[in-house]
Amino acid sequence: MARIQASDSLIPRQVFEVPPAEPNNSTAETGSQGSGVKLKKQISLLDGVAIIVGVIVGSGIFVSPKGVLLYSGSIGQSLIVWVLCGVLSMVGALCYAELGTMIPKSGGDYAYIGTAFGPLPAFLYLWVALLILVPTGNAITALTFAQYLLKPFWPSCEAPIGAVQLLAAAMICVLTVINCYNVKWVTRVTDIFTGTKVLALMVIVGAGVWWLFAGKTELWEQPFAGGLYSPGYISLAFYSGLFSYSGWNYLNFVTEELKDPYRNLPKAICISLPVVTIIYMITNIAYFSVLSPDEILSSDAVAVTFGDKMLGYFAWIMPFAVACSTFGSLNGAIFASSRLFFVGARNGHLPAAISLINVNCLTPVPSLIFLGVVTVLLLFIKDMYVLINYVSYVEALFTLISVSGLLWLRYKQPKTERPIRVSLALPVIYLIVCLFLVISSCFQSPGAVGVGTLIILSGIPVYYLTIHNPVKWLADTSQAINLWCSKFFICMPNQEKFD
């Protein structure tokens, strides 16, 4: 893959004087002679499981039940979709385990697509990840946080969209600052809010079990009544369900920091995905036991509606706990996704400024700030479910390309060492399902597909103008921005050499 290394001569050496003492607040360390920044392998198996579960179990389980039910038409079919989404995510994660141990580099899909198909497809993934996948997913989580936190103040109607957007923007800014300033704060926030997330799910499941044991099972008398079976509706139901499982590949973004990745990467996947699937199943059973389909479809905050019906005076606990859950999930997503853009900039596929690291905090401050700004701009899209369908199409497309890369590499590089080698049936099945989702969405949501495709294709001229054969004035502008960010954010480039 072609790379553009940042030149030391572009940045005044006096701007960067690495402190003699190694900071204790980062997952990175300076080189032995202050020559650069080197990521440490300190993510254990338990940490890997926590990252996957923590990122996956966020806003999705509190938002997507409505979307899955809307396009499934019945509670029975909805549960089937939830289970199949979990199985499909597990199959995809196992395919990524082979890719991640064969190509033990951070960056996930970006590294795999680049190895299999070259720099242009890899750049296009990075392009849409920066403009669509990561900020859109973060925007959805932030909007969910704001909706749940404001719901008690507007119990009988929707909260004003301006208030929701303002609170979501404030949340993004706060988490961006935390991620910029101190990595230990990031991990502590994740630990604290993971606890509230588990508490919220336990309350929902416990109330649902009590309701069923009380003999109130009338909602389960005809579980498949009203089911929708057209391919378009099925694909949209899967999109909403898969959105709730999105994040299973985030551990692949930080493979270089994972201890013994050949052993811990597949183990973390095999532990976390079944756990998440079980959590989602029992939570949805609780929802469908207490709330009728009409009640779920008329609510923009399903868990809050559940709490209002079951918890009485303590109903306020539910929106607060759900808001904490989404807060922690977004915090983890910002932390993990920053590694993707750091790797892309390190390889010369993004402006060099994005690979700069603050010399005091050892965090990629320019990358985090840029990501925060793009996420805030996306908050002005009002319909959350349009966002889900929009991001799911693009994500499914590039996941399809990554798994195609697995098959292509087996053909082109059959003798390459593969510490994990999954059955050929798994990538083939995953490829067929992703192909079905991508094709069917073209007929069901042509507008979202068209916009997503245009954004992907817009990366082609960007690649040729800025990377393959850079235009001089663009290169000069990038250099000027890099120099300004270096001085303003007190940053230095990563000087360690990477293959």
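Glycine is treated like the rest: Cβ placed from N, Cα and C.
Per TrEMBL, transmembrane segment is recorded for 43-63 (among others).
Under the heading transmembrane segment, TrEMBL lists 75-97 (among others). Proximity of distant same-chain residues to the transmembrane segment (75-97), defined by a Cβ-Cβ separation under 8 Å and at least 6 residues beyond the stretch ends, is recorded for 65, 68-69, 108, 112, 219-220, 223-224, 227-228, 234, 237-238, 241-242, 244-245, 248-249, 252, 265-266, 269-270, 273-274, 276-277, 280-281, 284-285, 288, 293, 399, 402-403, 406, 420, 422, 426-427, 429-430, 433.
For the transmembrane segment (124-150), same-chain residues at least 6 beyond its ends with a Cβ under 8 Å from one of its own Cβ atoms are 58-59, 62-63, 109-110, 113, 159, 163-169, 171-172, 243, 246, 300-301, 303-304, 319-320, 322-323, 326-327, 329-330, 333-334, 337, 340-341, 344, 349-350, 371, 374-375, 377-379, 381, 384, 387-388, 390-391, 394-395, 398, 401, 452, 455-456, 458-460, 462-463. Here TrEMBL flags 124-150 (among others) as transmembrane segment.
Per TrEMBL, the feature transmembrane segment maps to 162-181 (among others). Using a Cβ-Cβ cut-off under 8 Å and counting only residues 6 or more beyond its ends in the same chain, the transmembrane segment (162-181) has close neighbours at 138-139, 142-143, 145-147, 149-150, 189, 327, 330-331, 334-335, 338, 358, 361, 363, 365, 368-369, 371-372, 375-376, 379-380.
Sequence annotations record features per position, and here TrEMBL assigns transmembrane segment to 193-213 (among others). Distant neighbours of the transmembrane segment (193-213): 50, 54, 57-58, 61, 279, 282-283, 285-287, 289-290, 303, 306-307, 310-311, 317-318, 320-322, 324-325, 327-329, 331; these residues of the same chain sit at least 6 beyond its ends, with a Cβ under 8 Å from one of its Cβ atoms.
Taken from TrEMBL, the feature transmembrane segment applies to 233-253 (among others).
According to TrEMBL, the feature transmembrane segment maps to 265-290 (among others). Under 8 Å from some Cβ of the transmembrane segment (265-290) lie the Cβ atoms of residues 45, 48-49, 51-53, 56-57, 61, 65, 75, 78-79, 82-83, 86-87, 89-90, 93-94, 96-97, 100-101, 201, 204-205, 207-209, 211-212, 216-217, 219-220, 244-245, 248, 251-252, 255, 258, 296, 302, 306, 309-310, 420, all in the same chain and six or more residues away from its ends.
Look at TrEMBL and you will find 310-336 (among others) tagged as transmembrane segment.
The annotation transmembrane segment is assigned in TrEMBL to 357-381 (among others).
Residues annotated as transmembrane segment in TrEMBL: 387-409 (among others).
Panel annotation: around the transmembrane segment (421-441), residues 88, 91-92, 94-95, 97-98, 231-232, 234-236, 238-239, 389, 392-393, 396-397, 399-400, 403-404, 406-407, 410, 448-449 of the same chain, lying at least six beyond its termini, place a Cβ under 8 Å from a Cβ of the stretch. Here TrEMBL flags 421-441 (among others) as transmembrane segment.
For 447-465 (among others), the entry in TrEMBL reads transmembrane segment.
Two recorded stretches are said to be in contact when at least 3 C-beta pairs lie under 8 angstroms, sequence spacing 6 or more; the transmembrane segment (43-63) and the transmembrane segment (357-381) fall short of this definition.
Most Cβ pairs under 8 Å with the transmembrane segment (387-409) belong to 233-253, among the candidate stretches 233-253, 310-336, 357-381.
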